[in-house]
Amino acid sequence: MSRPGDWTCRSCQHLNFQRRDMCQRCGESKYGDLGFGGGRMAMMGSSFGFSSSGNIGTTGSDVRPGDWYCSAANCGAHNFASRSSCFKCAAFKDDFSSSFSCSRPFASSASSRPSWKSGDWICNRSGCNEHNFASRMECFKCSAPRDTY
């Protein structure tokens, strides 16, 4: 279970180790809203959202089809599909779209999302929309049963 100093994310209720400053699941700051848009620490530094291993810095449940990463110098912020300019630096989405592929929207298929595997599913309960592993028969967050198709 948990150890002294471990903390529960206010945004997604994920239990995090003491050493983490950001939620492992959703990227929320351990310390709350620090002015990066609703408390989410979406800035990934100059790596434009990619870690040294090539993985995108946010989890699959945070990145939705059409979302984009700002490719302006030293920004890399994750932006929702509805935004035409970066929430962090105000650069327009189209200003950099041809210069860095990460600014292009994500494809709509689940298989293109990072950390997704065949059979994974999204909870359809209103307000939940969490990514669940294929082996789960109910949502890990809200316990709604998996819809069968």
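From the backbone N, Cα and C atoms, a Cβ is placed for every residue, glycine too.
Averaged over the domain 'RanBP2-type' (3-32), the predicted model has a pLDDT of 83. The domain 'RanBP2-type' feature in TrEMBL is assigned to 3-32 (among others).
Per-class residue totals from DSSP over the domain 'RanBP2-type' (64-95), listed helix then strand then coil: 3 helix, 6 strand, 23 coil. Among the features that TrEMBL reports, domain 'RanBP2-type' is placed at 64-95 (among others).
As annotated by TrEMBL, domain 'RanBP2-type' applies to 117-148 (among others).
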